[in-house]
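One structure below.
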């Protein structure tokens, strides 16, 4: 069975090599249409079973390949995808990205936490193995491409989207740190320090000067922000320490708490405090009490 499949693959490869680009494109289009028509007639369980079988076959075939063959297939796949993307319009590219994101989100939602962690570990191992096989020039080229891609993507964002992305990145980092064990956190710090050291060592004098200037500017902004916060705190403290105007009731309450028994006068059952009152002597030597607040002039 395996030999028959191998022969069929070899014959198909030979046919593809002999076909013209137009013929190859037509064959691919027909194959996609046949696959779409066949998938439309089968149940979701059969679709998932076929995908599982296809993944297992691909994994077994990759395991039997030499490292050079694996790298060659990856390069061919990347070139094919790049050529296909170059022929797409911006709307088609955005549509494909949306479909891929939805597909990935649906697949991740169906996974259990152990499977998610296993996939992350495998992705990290693959990335580490791929980076270890790259030369310094290829690493620098990939970093440059990544920087350009990220810069082009950021240039298309609005200020609100930029702020949203920063908030999401901060939340992801905080949640990742909160769930990491002390050992994992220390390993991440060591890796970050090594990465920063290697990145600084690769800087030219101009880039180093530019980075130092950016760092100084960030520190100045942080200091100015802290200074402004301190000034605001000082102003608030001074405003709290200042004497606020009191209402008449509060003044009378405070006066009542500090007055003695002799500090008030009672007239017709009404208590008048001495503060704010004055006495007048009439002809019959009687005292009449007047209130500055209540008396009419």
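The backbone N, Cα and C atoms fix where each Cβ goes, glycine too.
Annotations in TrEMBL come from automatic prediction, not curation.
Quick look at what TrEMBL annotates:
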COILED    129-156  coiled coil
COMPBIAS  1-36  compositional bias 'Basic and acidic residues'
COMPBIAS  46-59  compositional bias 'Basic and acidic residues'
COMPBIAS  69-82  compositional bias 'Basic and acidic residues'
COMPBIAS  173-182  compositional bias 'Polar residues'
COMPBIAS  227-243  compositional bias 'Basic and acidic residues'
REGION    1-92  region 'Disordered'
REGION    173-205  region 'Disordered'
REGION    221-243  region 'Disordered'
Restricting to the same chain and to residues at least six past its boundaries, which positions have a Cβ under 8 Å from a Cβ of the compositional bias 'Basic and acidic residues' (1-36)?
none
Suppose you look only at the coiled coil (129-156); what would the mean pLDDT be?
87
Per DSSP, how many helix, strand and coil residues does the compositional bias 'Polar residues' (173-182) have?
8 helix, 0 strand, 2 coil
